[in-house]
Each structure stands twice: as structure tokens, then as C-alpha cells.
Amino acid sequence: MLEQSHFWHGLSSGGLTNVKTGAIMEDPKRFNWFLYFTACIVNLTTFTCGVATAWSSPVVSTLQSLTDSPLHPPLTEDEVSWVASLLPLGAIVAPYAAGYLADRIGRKRTLILSAIPTAASFLVLAFARNLYCYYVARFVLGLTTVGMPLTVVPMFIGEVSELHNRASLWGLSPPFKNNRGTLGCFTILYVTLGFLFSFAVGPFTSFQNFNLLCSVAPITFLILFTVFIPETPAYYIMKGVLICCARWRRLRS
């Protein structure tokens, strides 16, 4: 147990650990490009969260248009309200499942599991011509783009980051020394970039093309995250698989 504790302290700090005292000697000036690359890739999910949250704003007029709506007849006010509101309804349920899955199958697999239906839902919105398909897609997006990423991504970032660039839960840097909080700020930054994407692209593209563009981020995440980013060391230690943690040590060197 003591060996695991010393191993984890040295890994989480990104520096050296005094084996006798457990004191952490970190180098806050050292720049680790892989951790920032990891934060950018992982937060493609929170970018998609922002996109999905702001999605309804630029498409409402299209869905109610007599000429441009992909559905005929166009949606009524009540139907548009349901399409918009099913996203937060899905988000209510997801955190409970996300927390359980993150400990059960791992943080990485949970995020991958959420990205697959996310991409599929945007493709459904792009090609479906049935209102109930829209309802299902928006509810699923609430589960997989809001509830699950906003539960697991801060957990993932906190477990792979170093002390001098680790953030508070929502990416608001506390007034600590060494500018702590750099990596976690990516979370709220990517959410707002997702808002910007929907507001900047949605009004100027067709409904189908807009949803196809929305699917690019989760697909890109699936490819890069699956290939390049390992599971967090905290999960490996929780499962007693210390040998896998050495991979993060190599990546941080």
C-alpha cells in the first residue's frame, strides 16, 4: 500500500518523490506538451457539449420554415420546444450512470462509450425525416454530450494533470502559486467555443450540413483519443494494475 502511495504521488506531481518522506519535488517550469495535447483531445467532448446546447438556437427558424424545414409539415411551437428541452432532460440522468461507469470500466472507455452515440445522434439529425427520431437523438445527446462528459472530463483531467497545471472542477483557477489550473480551464473554454461554433455556423449552413459538421468533433475525438490517450493512472491504481501506470511516466518524461 505504501508502494502504491509513493508511486501515485510521484506520478501525479510529474516530478520526483522522496521515498522516505513522500515529499513531492515538482518542476512547475517544465512544459509537458503531451498533457496539453491530452486536454485538447479530451475536451472535444465538452466542445460538443457546447455545440449541442446551443444547437437549437440557429435551427429553430429552419425547423419551422415552410420551405427549408427537413420535416413536412414544419414543426409547431410545441414540437420545437420538445426538441430543445429533451437535451437537458437527458443530462439529468447521465451523471449517475457516468460516475458508475467511470469506476466500473474506466474513464477512457466511458468517454468513448459516450462519443459513439453522440456522433450517431448528429447523423440521425442530419438524415432523419421523422420527428420522433429528432426527439430520441436530442435526448441521447443530453446523455452523452452534457451529462457524461461534464462528469468524467474533469475527473480525467484532474487525474492525469500535474500539480502546477491542475484545475478546480469547473476550470476556475484558484489563487494558488505556480498558476495552477491551466489544464482545467480548457473545459469551460471548449464549452464556450462550442457555443460560438453553433452561433457562427448554424445560421449560415443548411440544416443537414450543420449537423454533419457537428458530428466531426466526436468522430475526431474517437479516433485520436482511442489511439493516443491512455487510461488515467488513478483508475489503474484503483484496480491494482501498477505496471500500466508506467506508461504515463514515460509520456511525462
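Cβ atoms here come from the backbone N, Cα and C positions, even for glycine.
Annotated in TrEMBL:
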DOMAIN    34-253  domain 'Major facilitator superfamily (MFS) profile'
TRANSMEM  33-55  transmembrane segment
TRANSMEM  80-98  transmembrane segment
TRANSMEM  110-128  transmembrane segment
TRANSMEM  134-160  transmembrane segment
TRANSMEM  181-204  transmembrane segment
TRANSMEM  210-229  transmembrane segment
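In this chain, the transmembrane segment (80-98) does not touch the transmembrane segment (210-229); fewer than three CB pairs sit within less than 8 A of each other, excluding pairs fewer than 6 residues apart. Mean pLDDT, taken over the domain 'Major facilitator superfamily (MFS) profile' (34-253), works out to 88 on the 0 to 100 scale. Through the fold, the transmembrane segment (134-160) approaches residues 12, 35, 38-39, 42-43, 45-46, 48-49, 51-53, 55, 71, 82-84, 86-95, 97-99, 102, 107-108, 110-111, 114-115, 117-118, 120-122, 124-125, 128, 166-167, 169-171, 183-184, 186-187, 218, 232-235, 248 of its own chain, all at least 6 residues removed from its boundaries and within a Cβ separation under 8 Å.
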